[in-house]
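Participant: Pasting a structure below so you can have a look.
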Amino acid sequence: MKPDPRSTHFNAAGEVHMVDVTGKDITVREAVASARIHMSADAAEAIRRGDTKKGDVLAVARLAGIAGAKWTSHLIPLCHAIPIEAVSIDFDWVDESDSDDDAVANQTLRCTATARTTAKTGIEMESLTAASTAALTVYDMLKSVDRAMVIDQVRLESKSGGKSGDFRRDTGDKA
């Protein structure tokens, strides 16, 4: 099902409002989002060694991502507070060996957040917030090593459940 081009956050008078979900069915929902952090070889090595001044970068980022999912409705004004029944945060190094710059290869960390609920509305924003928060935490913990890190490609990878149906990003989609 294609998304409706009209925003559901505006009423007939054009005023902002929170969408009324009282009439919707409770369904099992899952969303997967990801973010990438490009960093210097020194920053990547610090993560791999696990010996940064602030502690285990990935463990702290994982906790921050989970907390981010739980706080989404406080951060995004029109998000519903939904029961978050599961959140997982995974990290993997992206092989960018096809990059024109050999120094960039294997210095990109991908954070993937998966969130699940049984609710009347989706959990996409929670998974996006989790991935973003985890990536920001990696930046915070390594900024003394590399202030030029770049966070990009914060995006929804897939979602399932609900009236609008399932979504899965095309693997060839660069955006």
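For all residues, glycine too, the Cβ spot is worked out from N, Cα and C.
If you look up Swiss-Prot, you'll see Asp140 marked as active site. Positions annotated as substrate binding site by Swiss-Prot, on the basis of sequence analysis: Leu78, Cys79, His80, Met125, Glu126.
I'd like these features described in context: how deep, what's nearby, how far apart.
Facilitator: Taken residue by residue with DSSP, Asp140 (active site) is part of a helix. In this view, Asp140 (active site) is surrounded by 14 other Cβ atoms within 10 Å of its Cβ, with every protein chain counted.
Residue density at Met125 (substrate binding site): 22 other Cβ atoms are found within 10 A of its Cβ, drawing on all protein chains shown.
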Participant: Excluding Leu78, Cys79, His80, Met125, Glu126, please set out which residues of the same chain place their CB within 8 Å of the center of the CB atoms of the substrate site, keeping sequence order.
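Facilitator: What remains near the Cβ centre is Thr72, Ser73, Ile76, Ala81, Ile82, Thr121.
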Participant: Just going by other Cβ atoms within 10 Å, which of the binding-site residues Leu78, Cys79 has the emptiest spot?
Facilitator: Leu78
Participant: Through the lens of DSSP with three states only, how would you label Cys79 (substrate binding site)?
Facilitator: coil
Participant: For Met125 (substrate binding site), name the DSSP secondary structure in the helix/strand/coil scheme.
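Facilitator: Once the DSSP labels are grouped into three classes, Met125 (substrate binding site) ends up as helix.
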Participant: Just to verify a number: CA distance, Leu78 (substrate binding site) to Asp140 (active site), in angstrom, no decimals.
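Facilitator: If we compare the Cα positions of Leu78 (substrate binding site) and Asp140 (active site), the gap is 27 Å.
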